[in-house]
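Summarising the annotation, TrEMBL assigns ATP binding site to A:Thr53, A:Pro54, A:Ala55, A:Gly56, A:Glu57, A:Gly58, A:Lys59, A:Thr60.
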Number of protein chains: 2
Amino acid sequence: MKPILEVAGSFEIPEKYMELYGRYKSKLDLSLARDFDDRPDGKLVLVTAMNPTPAGEGKTLTTIGLAQALNAIGEPTIAALREPSLGPCLGMKGGATGDNKAKLMPSEDINLHFTGDLHAITSAHNLLAAMIDNHIFQGNNLQIDTGRIVWKRAMDMNDRSLRQIVVGLGEGNGSVHESGFMITTASEVMAVLCLSEDPQDLKERLSRMVVAYNMAGEMITASQIGAIDAMTVLLKDAIKPNLVQTSEGTPAIVHGGPFANIAHGCSSVIGTRTALKLAKVVVTEAGFGADLGAEKFFDIKCRQAGLKPDAAVLVVTVKALKYNGGVVKSELDGSNMEALRIGMANVVRHLENIQKFGVPVMVAINHFANDAEEEISFIIEECRHLGIKAEISEVWAKGSQGGIQMAKTLRDMLQDEPSRFAPLYPDDLSITAKIETIVKEIYRGEGIKLTPKAEIKIRDLERQGFGHLPVCMAKTPYSFSDQGNLLGAPNHFTMQVRDVTLSAGAGFVVVHTGNIVTMPGLPEHPAAERIHLNEQGDVAGLL
Amino acid sequence: MKPILEVAGSFEIPEKYMELYGRYKSKLDLSLARDFDDRPDGKLVLVTAMNPTPAGEGKTLTTIGLAQALNAIGEPTIAALREPSLGPCLGMKGGATGDNKAKLMPSEDINLHFTGDLHAITSAHNLLAAMIDNHIFQGNNLQIDTGRIVWKRAMDMNDRSLRQIVVGLGEGNGSVHESGFMITTASEVMAVLCLSEDPQDLKERLSRMVVAYNMAGEMITASQIGAIDAMTVLLKDAIKPNLVQTSEGTPAIVHGGPFANIAHGCSSVIGTRTALKLAKVVVTEAGFGADLGAEKFFDIKCRQAGLKPDAAVLVVTVKALKYNGGVVKSELDGSNMEALRIGMANVVRHLENIQKFGVPVMVAINHFANDAEEEISFIIEECRHLGIKAEISEVWAKGSQGGIQMAKTLRDMLQDEPSRFAPLYPDDLSITAKIETIVKEIYRGEGIKLTPKAEIKIRDLERQGFGHLPVCMAKTPYSFSDQGNLLGAPNHFTMQVRDVTLSAGAGFVVVHTGNIVTMPGLPEHPAAERIHLNEQGDVAGLL
């Protein structure tokens, strides 16, 4: 690892903007983006993927490797990534910092407490929760209905026992009511932080968050609770982007990590903007597959922030194609051209979808050792029929040297194919029409079916003036549909919209198409059982 | 503020031991104390106080000012202090970093997230809680009795609604049982971290913590849950002491901050040891008044760590004397010699008590603008009759220059009066006899009365081999007795011991003499309502 000051120096970031957290991590002062405002923006590239499978597609890995490879061919590039959540690192998922030769460093720190951003978000979230209950305890001037407190509590831990709880038991401990914990990444504070332009915008967004309803059924916002200034103080460092490096010393801005179902699943706007001022190319990613991740990146993050994406890279794997073609996980290693052919439909649909946003796209085939040559060739050939370039990425094994061709193809695409980016739908479409547009254009379902509850809530939201917000789809990531077992490219389904909820601070309406768990549980053998300090005092066992 | 590297340089701390958190905060690598092991230790001075009152005694202020003044008279001195908890900063207490010209810097950072130590402790605590419930969910091989899970959850927030809760409601969310949150400073993980010698000792102490009982009534320890290694990883940076500075650039090691009733209320052993290797004099403090703070500092921290305190400074105020003499808070400003005389008994008892540990002691009169000269003279004169020097401290108004005489008196005492420190009672006294010794020798009560529950639990603990542990008294800080309204120097009371609990990792038996609240609530108008970022983007309104 190079000292982070040296990494910053290679991109001419003056030391005065750096706030070091040890030798290898730094916050970047918010004045940097302001001071560099007259510089032209670099090109913005989204790395997204086909529908995720249990085999893992390597989207973060490819993003990091691609940034390294672009630097290797002389294009000064910064990766802009999400920061991992501690809970899943200790649970099932393991770390979220790439792997082997395309990896964020120092990966253990980044996967654990990092620079404390998630802890700050947890604190801000729970201060608001404590102040709501305290308001009720001290007399309840706002006449909050204790049966309709929608603001729960947050913790960056996988703890299913906290999903649904009763608080306030015992004498003098406030009003007894149901509550629950969500994992911090699911907190609206996280989404707000990631979509904010600056501290003032952060404060205004926090103020708008809906925390409860009063006895008359009216919304109570966070600003009415009196916690907003203190929350802004708690978030004053968390809002600054973090600078680290990849295994090849490429700068990476790792900042923010919201849920990709009930939130938009992208790293922070501030981080992306800062990177765009510093580099010729910025490579970023979005959660899950392109049906969720890319759609939200375009329709929520880019729409709100006025960002113009210049290109997209769709990560596919031979295994994921076969899985989408009906092969079970244990049999993915063997060649199966028939399954590959069926699974290709998943890739094709994602490619078509991205083009609907006016964004040029290429395919990166994340290569595994036991991929057969005919399988790879098939994918490349199929893409060529669509007029889309597909390149093999061997960044896991070879770092930048495994991504040179991919980087060159991307560079050419950025030069030759101008982006005509536009969001999928206009702001002034009705909420129902927005959902229908996404379901028909992106998921390719036949339509939607609203529960009576969803219908009433949509009508209420539009009456209350929230109809102009974009929608944020909460659905299974494993399928285009709302059923996780409909793989490939399903048709002839109708999406069930069970509920809609307002994230007024984040600025979107969440559309619930299934039962989304916002607090994961631990598996039978959590990763925490394996994580330890080795004899050198270094962290080991963290995947 | 000087850059922290410069502060460290003034005490010849090589840069290689520094891990910067921004320009003004640093962790010190654990190898520092090891590498400096052959250096002689500096002198260790405890700053303690008479019983606390609502007017505030300024113990932390005096500790900081004294360290500054010692440096001003040419004695290289480091302050070793507790780190503040976020919850109370946002609640009633305000910050805990001194004030005006005797203040820790950067105070806002230190009062808020600082270097993340408390967040790391919260995470480690809650990982263990999640893994206990997950163990039960996954089949409960250990046969944990869900009615006897003693390990609760932790949060660094004042939230009374979380004191007593029911978890695991809903389908698939684990077993339904009562639980609750304590504030992070009350977590045994905090006490363990503060008493640990090194990461190995930390791990062994964490392993010994009792988390539940099984159906057969046997103890289940944290090591049986399988979380110890991961907890140690989560605490790998939190165990390193933090270096900051005072308003005059005096180095301060600010590390750890356990509760002073159910825990021992002292900053970390590692921090103290590190300071002793770096400075000629180390000034440290302990929670509440000397009846709790000094007794635990001597009988728990110094006993366990083998530290030899060289002197103590008892902080008193004219107001606190009058308060202990029966004057109500609103009338403390006027002179009242009769009340002062009565209140002096409180000071005298604390001075006698400290001398019982063989530690030379002096008095610091923390000066307020409206103290009458005759009041100050009275205190000095009364102390002189006892053969004890009392000096006025004006460090709030004047910084080091307000503490020169106090510092010189302390320096002379350190030179002329050797400490003959010994703990109050030997390890092999029975638990009941240890409690009786403290009650009779320190509190001056007539004896103790155990509830049947306490009696049974003491018998069980001794049978299980925990009889050798020191006791940690949990009682009101406002009185020598177990009744907060018995001010001054009460006699003829009997202490009610309601319960005893084992902190096997911290290595003490907690003696509960009243209902100790381990999760504070917020007041009608929390400090969080006033804290904000001002126009310059700085934190304001944090007291």
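For all residues, glycine too, the Cβ spot is worked out from N, Cα and C.
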For the binding-site residues listed here (A:Thr53, A:Pro54, A:Glu57, A:Lys59), which one has the lowest count of neighbouring CB atoms within 10 Å of its own CB?
A:Pro54
Packing count at A:Gly56 (ATP binding site) (other Cβ atoms within 10 Å of its Cβ):
14
Quick note, A:Ala55 (ATP binding site): same-chain residues at least 6 apart with CB under 8 Å of its CB -> A:Thr317, A:Lys319, A:Ala320, A:Tyr323, A:Lys329, A:Leu332
CB contacts for A:Thr60 (ATP binding site) [other CB atoms within 10 A, all chains]
24
With an 8 Å cut-off on Cβ-Cβ distance and a minimum sequence separation of at least 6, pull the same-chain contacts of A:Gly58 (ATP binding site), or say none.
A:Asp99, A:Val315, A:Thr317, A:Asn366, A:Trp396
Using DSSP with the three-state reduction, classify A:Lys59 (ATP binding site) as helix, strand or coil.
helix
